[in-house]
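The ATP binding site annotation in Swiss-Prot covers Gly11, Ser12, Gly13, Lys14, Gly15, Thr16, Arg128, Gly173 and is backed by sequence analysis. Residues or ranges marked as AMP binding site in Swiss-Prot (evidence: sequence analysis): Thr32, Arg37, Gln58, Leu59, Val60, Gly86, Phe87, Pro88, Arg89, Gln93, Arg134, Arg145. For 31-60, the entry in Swiss-Prot reads region 'NMP'. Annotation comment: Swiss-Prot describes 127-137 as region 'LID'.
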Amino acid sequence: MLNVVIFGAPGSGKGTQSELIIKEYGLDHISTGDVLRGEMKAETELGKIAKDYIEKGQLVPDELIVDMLANVLDSKKPAKGVIFDGFPRTIPQAKALKKMLNERGTDVSVMLNLQVEEEELIKRLLERGKVSGRSDDNLETIKSRLDVYHTQTAPLADYYVGEGKHVAIKGMGTIEEIFGRIKEAVNNVK
């Protein structure tokens, strides 16, 4: 099974490249946000617990998210593998994901780290804000999101370096050029 974690700062192209990876390799897409919303909407036991945390303005605990992801994996039984979108974001989440996957006889195959210069990230996000109308794509919010990424999320790359799973992908250039680099990295893992 090919299990991919796609990683990068806001605006690095994770969504765009995820779609291409899914098509190219026939992977199932697991978006943590979608899973969380789905569990809450279906009013599952885990969904009710998560909703309680969210309504109190608290973060949903890692264990709960991992349990939800485990349920999705167990129900989907992906034949070729999975691309994880939005998870893990911290080292404890990465360790919990590894444990859960190991219990199912698999592991993360590769962590693709899309690396884009900060000026380019800001440019892309401001442009996306104009096109999509996303209210969180304004300069002040963008800078705040990038700060959070650098302080809280970026250290996760070092964890995957230690695991021998990290591949830095130059995220500059055309969509096709970037995807070419991704394919080269993934094909070396398969």
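Cβ atoms here come from the backbone N, Cα and C positions, even for glycine.
Location within the structure of each feature annotated in Swiss-Prot.
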residue	record	DSSP (3 states)
Ser12	ATP binding site	coil
Gln58	AMP binding site	coil
Phe87	AMP binding site	coil
Arg128	ATP binding site	helix
Gly173	ATP binding site	coil
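Cα distances from Arg89 (AMP binding site) to the binding-site residues Gly13, Thr16, Gly173 are smallest for Gly13. Same-chain neighbours of the region 'NMP' (31-60): 67-69, 71-72, 84-87, counting only residues six or more beyond its ends whose CB sits under 8 Å from a CB of the stretch. Highest Cβ count within 10 Å among the binding-site residues Gly13, Gly173: Gly13. The number of other Cβ atoms within 10 Å of the Cβ belonging to Thr16 (ATP binding site), over all protein chains shown, comes to 13. Note: the Cα of Thr16 (ATP binding site) and the Cα of Phe87 (AMP binding site) are spaced 16 Å from each other. Long-range Cβ neighbours of Val60 (AMP binding site) (same chain, at least 6 residues apart, Cβ-Cβ under 8 Å): Leu36, Ala50, Tyr53, Ile54.
When other Cβ atoms within 10 Å of the Cβ of Thr32 (AMP binding site) are tallied across all protein chains shown, the result is 20. Just so you know, the Cβ of Gly15 (ATP binding site) picks up 13 other Cβ atoms within 10 Å once every protein chain is counted.
Rounded to a whole number, the distance between the Cα atoms of Gln58 (AMP binding site) and Gly173 (ATP binding site) is 38 Å. Comment: ATP site residues Gly11, Ser12, Gly13, Lys14, Gly15, Thr16, Arg128, Gly173; largest CA to CA distance 17 Å, whole number.
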